[in-house]
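S.K.: I'd like to ask some things about the structure below.
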Amino acid sequence: MESEQLYHRGYCRNSYNSITSASSDEELLDGAGVIMDFHTTEDDNLLDGDAASPGSNYNMSNGGGAPSSSTHLLDFLEEPIPGVGTYDDFHTIDWVREKCKDRERHRKINSKKKESAWEFTKSLYDAWSGWLVVTLTGLASGALAGLIDIAADWMNDLKEGVCLSALWFNHEQCCWTSNETTFAERDKCPQWKSWAELILGQAEGPGSYIMNYFMYIYWALSFAFLAVCLVKVFAPYACGSGIPEIKTILSGFIIRGYLGKWTLMIKTITLVLAVASGLSLGKEGPLVHVACCCGNIFSYLFPKYSKNEAKKREVLSAASAAGVSVAFGAPIGGVLFSLEEVSYYFPLKTLWRSFFAALVAAFVLRSINPFGNSRLVLFYVEYHTPWYLFELIPFILLGVFGGLWGAFFIRANIAWCRRQRSLSSGKYPVLEVILVAAITAVVAFPNPYTRQNTSELIKELFTDCGPLETSQLCQYRSQMTGSDAGPGVYSAMWQLCLALIFKIIMTIFTFGLKVPSGLFIPSMAIGAIAGRIVGIAMEQLAYYHHDWFFFKEWCEVGADCITPGLYAMVGAAACLGGVTRMTVSLVVIVFELTGGLEYIVPLMAAVMTSKWVGDAFGREGIYEAHIRLNGYPFLDAKEEFTHTTLAREVMRPRRSDPPLAVLTQDDMTVEELQATINETSYNGFPVIVSKESQRLVGFALRRDITIAIENARRKQEGILPNSRVYFTQHAPTLPADSPRPLKLRSILDMSPFTVTDHTPMEIVVDIFRKLGLRQCLVTHNGIVLGIITKKNILEHLEELKRHTEPLAASWYYHKKRYPSSHGSNGKPGSRVHHVQLIRSFQDGWGGRGDDSEDEEEVGLLDSSSL
């Protein structure tokens, strides 16, 4: 009954694959063959996905000049209509229309600012609102990042013990004021007690080791369990790093709640828990999501941004720069990251505001001083030996390793995420997180390089050895006359090799869990371990074979000419570049992160090599791969379209499809118009002169038509089913006894984007990318032939890709709507709608059924764990 009512209201939807699915949800379909199947209920209070596409925001005022006395023209559109100009969940915005709205708003403000002092003040407020919102975003991002850093360090040390003198101190802070510590054992003080000392009263022995082992596992599982439960119950969008979703949102996609206050609060809390649990993940990626949540929330304080989705994305671009700024202490790198990696539209003023937001965020973080070293970064290093030309060879080899690691990781992680959905464990995210956390804790504890916090591990690997260092990596036989490695160095090498294998395996399986997780730090850790091993090998080679021709010129006998910490830094950059395929922004981030500006050439060589090697196995980075896996409607500007197809080969309808539904400009009735809407599920309709001429007049959105008719019936009398609907300037000549006509010219787009049927698809794809179009019409000599939507572009690209990658799997969304306060079983659930990703097989539909009892556990976005 509900579906029948929705049908008669014009909200029913056909199959995704039908030509009539040219909707905004249709646009949402990713190239991976995604299908969105919406089951609407009375609780949605939304138009259908196709019907509810973003409508026009033009002032719907009667633009006609016909005499009202003879035709009783309806003039109900003088005031804004609720719902017009806004977007529903999982829709794509119209960039061209949003920019037109902003220009019109700006012209209106400028025209009034000289009328009074109040209007002039409003114009100043409007002009400065952009700087105000990025200032607030920077302040909030810096404060939250400092809070997360401090809390994560404290909770990470809580797994090993507690400070009796001050429970809120971590291990390092606890021993700062102690007078009973020695330089060699400066991390040991009576104020800090391990769990074995507290429970058993002894610090050494097998019993003490077992107790510390047990407590380490207990706290790791507790933190992981609490994190996944909070995400599952309160904010399913808080899982992952969020960078693939932010890239998609910045390209114009709407995901309601993804940048909301609940997501911000839960992600901030669970990020601390996830990092403290010891899982192979980092907090840097999620900090970008946290910063974008701040930017989205603050944008609602300013109408300039709250009422315009395109302008709001300028704030989000600046917020992503602030997120990287506080994640790595790299404000310039953050701006370049936003420009290179996540932003879809990045005008010059957004560059300035991104720079300012990153500056403010970095200033706040420096004021908080979470690392206690009076610096923005945790990995600050000072190397005392320059690099030599022959070292470019191992640096390039590290770049090759980074590219191979990146290609392997992307394929393995995507395969694991796909496999997850066919396994029973994929239906139980809490159990999955507990299982991975348990394996990680059990295996990590015996090895000191896997037991410690990953950030601390990277810091130790980056550090140059000197007389003050007590690490095993610096236990050389002589610190003054050469680099002859001692037993501690060789022991550390074996432990690092085991840690490398452990990190590689666990990062693949951790990246995909339903907890906040970033990829930056785990990838850097893998590269830093490999780089340190290569650096020590080169150091020993130069020491024992200093007479070799390529060492003889650069290395003096008994002198240090190799810096293993530099190799760790280069390896970290190479592995992160291989996974993300970043180049310029990555190099800047790394030298800001470490202060190693002198070593920018080795970094550039390794990062570029890793990108070339990775691209040889596939041009997609990890973020693009997960965007494609999740089926997001993202047209990647980095991909080149090299095929020779034409617009007529991609447009809908095709020859085997029903003819394109069109509206005539002045000879349809309200009943006929509603019948057209009810019988189709198009997002909009071309308006033509007449059935005979087929000449294009404009384009009317389905949602605008529906809202206009409902408003007319509610506000005006005399609108009957046989009332004439016209889109022209003047009303047509009607008999005297005709009912009042309905004028809809004000909702008509008089300048829809059109291409001819012989336009190459290469040009059409570029137009969609650069203008952010949702659809364009295909004409021949002014006669409309069909329509191309973003969905059609993505389907076409995926079809071409399947010819080159026949094993590529297709995926589609299966979205179910529930009351906002209830889950799939009718019980109170999470605060957002649930999305389930199901695999499409050629012989039928696989995956979880619609009535799966565990659907609410999955929450949202089964593999958005970046």
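Cβ from N, Cα, C; glycine included.
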S.K.: From the ranges 258-279, 346-367, grab the one TrEMBL calls transmembrane segment.
M.R.: 258-279
S.K.: Please work out the helix, strand and coil residue numbers for the domain 'CBS' (748-805) from the DSSP assignment.
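M.R.: Residue counts in helix, strand and coil order: 26 helix, 19 strand, 13 coil.
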S.K.: With an 8 Å cut-off on Cβ pairs and a sequence gap of 6 or more, do the transmembrane segment (216-238) and the transmembrane segment (258-279) reach 3 or more such pairs?
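M.R.: Checked: the transmembrane segment (216-238) vs the transmembrane segment (258-279), in contact.
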S.K.: Taking contact to mean three or more C-beta pairs under 8 angstroms, with sequence separation of 6 or more, is the transmembrane segment (388-410) in contact with the transmembrane segment (525-546)?
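M.R.: In this chain the transmembrane segment (388-410) contacts the transmembrane segment (525-546) - 3 or more Cβ pairs sit under 8 Å.
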S.K.: For the domain 'CBS' (651-717), DSSP counts of helix, strand and coil?
M.R.: 24 helix, 17 strand, 26 coil
S.K.: Between the stretches 128-148, 430-449, 492-513, which one has more Cβ pairs under 8 Å with the transmembrane segment (525-546) than any other?
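M.R.: Between the candidates 128-148, 430-449, 492-513, the best contact partner of the transmembrane segment (525-546) is 492-513.
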S.K.: Six or more residues beyond either end and a Cβ under 8 Å away: which residues meet both conditions relative to the transmembrane segment (492-513)?
M.R.: 228, 239, 279-281, 405, 409, 412-413, 416-417, 420, 429, 432-433, 436, 439-440, 443-444, 447-450, 457, 471-473, 475, 519, 522-523, 525-526, 529-530, 532-533, 536, 863, 865-866
S.K.: Check the transmembrane segment (566-591) against each of 128-148, 258-279, 286-303, 315-339 and return whichever range has the most CB pairs under 8 Å.
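M.R.: Answer is 315-339, with the largest number of Cβ pairs below 8 Å.
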S.K.: Apart from its near flanks, which chain residues at least 6 from the ends of the transmembrane segment (128-148) lie with a Cβ under 8 angstroms of it?
M.R.: 268, 271-272, 283, 287, 290-291, 294-295, 298-299, 301-302, 304-305, 314-315, 318-319, 322-323, 325-327, 349, 353-354, 356-365, 367-370
S.K.: The domain 'CBS' (651-717): mean pLDDT?
M.R.: 85
S.K.: Restricting to the same chain and to residues at least six past its boundaries, which positions have a Cβ under 8 Å from a Cβ of the transmembrane segment (286-303)?
M.R.: 129, 132-134, 136-137, 140-141, 144-145, 148, 240-243, 245-246, 249, 259-261, 263-264, 267-268, 271, 312, 315-316, 318-320, 322-324, 326-327, 342, 361, 516-518
